[in-house]
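The block underneath contains the structure these notes are about, expressed in structure tokens.
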Amino acid sequence: MKLTILGAGAWGTALASHAATAAADHDVVLWGRDPAQLAGIAATGVNATYLPGVSLSPRLVCEPDFDRAVDHALTDPEGLLIIGTPVSGLREMTRRLAARRKGPLAMLWLCKGFEAETHAMPHQMVHDELNALGVAPGEIEYGVLTGPSFAKEVAQGLPCALTVAGTAHVLIDRAQAAFHHHAMRIYGSDDLIGVEVGGAVKNVLAIATGASDGLGLGLNARAALITRGLAEMTRLGLALGGRVETFMGLAGMGDLILTATGDLSRNRKVGQQLAGGKTLDQILADLGHVAEGVRCAQAVAALAARVGVEMPITRAVCAVLFEGLPVADAVSQLLQRDARDE
């Protein structure tokens, strides 16, 4: 099975390494925008920029030429293309892949969030681009691979379980053939809306939980934020067309728990450091990586307003990030909300 992962960040690299190790017949290529970075990975077996100190599969092949990397997967009728860029790069990648295809194409993306300008979900962005290009339904099957997963742990071969949701079951079958090996479990879903809402909203809620922990508010407060945050996520997802069971699964509750409590979470770190008095600009400069919760917080709040869903925790995060509200004041406002039924 031939696979191409487009994007040599932490998650793209980790997944490529796992796939290369997963089965003897897997032929995996990793492409990235920086040829020097790819050369370093090929020479040392380590992605020193995003996964320092973690040894990658020796069977992983780095390919700096985009067309050759894409053609690698396209030459296999059972091949799979994985887009490992942030949400902001998804439209461009979709256009480039559609232009390169020679027949049916199967692709997945790894990004989580909503588009900042349009508030579109990733699958809506892809659908719009393919429709504008005149691609007929079924010519390109697409979907998302998501769930509770830190890239470093995946690259280290530690156990995890993920969800793949797509436009056709053949895509789920290919994703399971590619990744459902050794320590990784892949579960299928047809609820693209639900899994994408879960993947976006959990990042915003992780900022809130990190801020609570940064203020030293305790484990009770953490549990309350996660639980009430899950309620916010579910309300929004149902209003947008998702299914309730999705939010009780890996792409909802599972990803929220991991991102809100795990110390490898960039979004959690943002909240902790905001509580510690750092400015958002300082925090993002220090991180050096994408924190999707910051990027999509306003989009989540705008979507909620559009469909009439109340999301007080999300609104508080936006006020802290973009309106200068001190973290302690945001907590105070949440605690002063009127009593209500759960």
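Note that Cβ sites are derived from N, Cα and C of the backbone, with glycine treated the same way.
Because the structure is a prediction, the values reported are computed rather than measured.
Taken from Swiss-Prot, the feature active site, proton acceptor applies to K202. Summarising the annotation, Swiss-Prot assigns NADPH binding site to W11, R33, K112, A151, R266, V290, E292. Annotated sn-glycerol 3-phosphate binding site per Swiss-Prot: K112, G147, S149, K202, D255, S265, R266, N267, in sequence order, evidence recorded as sequence analysis.
Of all the recorded positions listed here (R33, K112, K202, R266), the one with the fewest other CB atoms within 10 A of its own CB is R33. Among the binding-site residues G147, S149, D255, S265, N267, the ones whose Cα sits within 10 Å of the Cα of E292 (NADPH binding site) are N267, in sequence order. Recorded residues G147 (sn-glycerol 3-phosphate binding site) and K112 (NADPH binding site) have their alpha carbons 10 Å apart, per Cα-Cα distance.
Secondary structure at S149 (sn-glycerol 3-phosphate binding site), as computed by DSSP, is coil. Checking each of the recorded positions (S149, K202, D255, S265, N267) against W11 (NADPH binding site), the C-alpha distance stays within 10 Å for S149. Rounded to a whole number, the C-alpha distance linking S265 (sn-glycerol 3-phosphate binding site) with A151 (NADPH binding site) is 10 angstrom. Closest by Cα distance to V290 (NADPH binding site), from the recorded positions S149, K202, D255, N267, is N267.
The Cβ of S149 (sn-glycerol 3-phosphate binding site) has 23 neighbouring Cβ atoms from other residues within 10 Å, across all protein chains displayed. Ranking the binding-site residues R33, K112, S149, D255, R266 by Cα distance from the residue listed as 'active site, proton acceptor' puts D255 first.
In the three-state DSSP assignment, the secondary structure recorded for K202 (active site, proton acceptor) is helix. In this structure the C-alpha atoms belonging to R33 (NADPH binding site) and D255 (sn-glycerol 3-phosphate binding site) are separated by 28 Å.
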